[in-house]
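Copied over from TrEMBL, here are the features:
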DOMAIN    227-346  domain 'GP-PDE'
REGION    320-346  region 'Disordered'
TRANSMEM  41-65  transmembrane segment
TRANSMEM  85-113  transmembrane segment
TRANSMEM  125-143  transmembrane segment
TRANSMEM  163-183  transmembrane segment
TRANSMEM  190-212  transmembrane segment
Amino acid sequence: MADPPGCCSACATCLLCPYSCQWITAKKEKRKGLRTTKCDCSWFLFLFCVFLFTLVWLYFAIIILNDFHNFNEFIFRQRKLWLDWSQVLLIATAVLISYSSVLLVLALCLQLCGQPLKLHWVHKVLLILTALVVAAAFTGLGIKWAEEWRSVRISLQATGPFLHIGTVGGMTLLAWPLASFIYRTRNTGLRVFLLLVYCATMIALYLAPLGITSPCIMEENQLPPKPALVGHRGAPMLAPENTLMSLHKAVECDVQVFETDVMVSADGVPFLMHDEELTRTTNVQAVFPDRAAQSIAFNWTDLQQLDAGSWFLERRPFPTVESLSPGDRNETTKQRIPSLEQALEA
């Protein structure tokens, strides 16, 4: 394969080194062993599929962040360890998508320069691991939080037009390296197949807006009524969950329905609490370390000694904690476990 005009040997070497992990000299470029084989093309196709796979997972990860506090709570109940796992998810996803993106860009640039696509075996192993990790993530999501699939489906109503524009732009950019490959390949059948697939994909993309229904492209008078808000544990993004402050914040947000969780103390007083144990949302481990795991062993007098607000500032279960005013922060530290009677009066 000869380099097209404007692609110097130094540039080709810099591109091929991280992709194939080998240096190329002018003499070595002419060797038959450095020609792109069918196996190399198969690995490039696999790389492209892994890139799309991780890109889809990135979209899923962004959407499920809205409900990721449920996962944090689940891990805390299982391991007694509080950590914002959403940051771990985003970092891991960013690493996977960045890795596959860099390899894909290198491969496309090598194709434009007429260089062989000799993917190194280390990259092959890492790509397989990337595909397995993303597949495991999708499997876990489907088993444990299947309702998130519905959230993603609803989100497409808002993001559909923008995803369509991005897809059209990406396919347009792909046209140049694809044309370069079709020009260089000697297999007529492969040429026709790739050309037909690309044209069919572009035609489908250009016709896709006919099937997209999104409030982003609707007239204002055609929009459905705004859905009513439900106060789940009050307003847990703005105040500690299941506290009077949280209920007051929910009222300020004009919620139509309140949803909360009720437990009964040892002396028969109903109070607001989501978890079976008090360790996540109170300082019970500091006040009653010997009875911290015994949620039903506390009477109402004991429960009133617990701080039900400071954990909200320390663990920051939601990013909105950073936006609290000094007054709200001070009020948060004064929160106690409310009884059901106090909640109804509030």
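Just so it is clear, glycine is given a Cβ too, placed from its N, Cα and C backbone atoms.
Note that TrEMBL annotation is computational and uncurated.
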Residues sitting near the transmembrane segment (125-143): Cβ under 8 Å, six or more positions beyond its termini, same chain? 46-47, 49-50, 53-54, 57, 60, 64, 92, 96, 99-100, 103, 149
Intrachain residues whose Cβ lies under 8 Å of the transmembrane segment (41-65), provided they are six or more past its termini: 86, 89-90, 93, 96-97, 100-101, 103-104, 107, 117, 119, 124, 127, 130-131, 134-135, 137-138, 141, 145, 148, 151-152, 155, 159, 163
DSSP helix, strand and coil counts for the region 'Disordered' (320-346)? 17 helix, 1 strand, 9 coil
I'm checking region-level scores; what's the whole-number mean pLDDT for the domain 'GP-PDE' (227-346)? 89
Do any residues of this chain, six or more beyond the ends of the transmembrane segment (163-183), have a C-beta under 8 angstroms from a C-beta of it, and if so which? 4, 59, 108, 111-112, 114, 156, 191, 194-195, 198, 201-202, 205-206, 208-209, 212
Intrachain neighbours beyond the transmembrane segment (190-212), with Cβ under 8 angstroms and 6 or more residues off its ends: 160-161, 164, 167-168, 171, 174-175, 178, 181-182
Long-range environment of the region 'Disordered' (320-346) - Cβ separation under 8 angstroms, sequence gap at least 6: 237-240, 242-245, 247-248, 260, 262, 269-273, 282, 300, 303-304, 306-310, 312-313
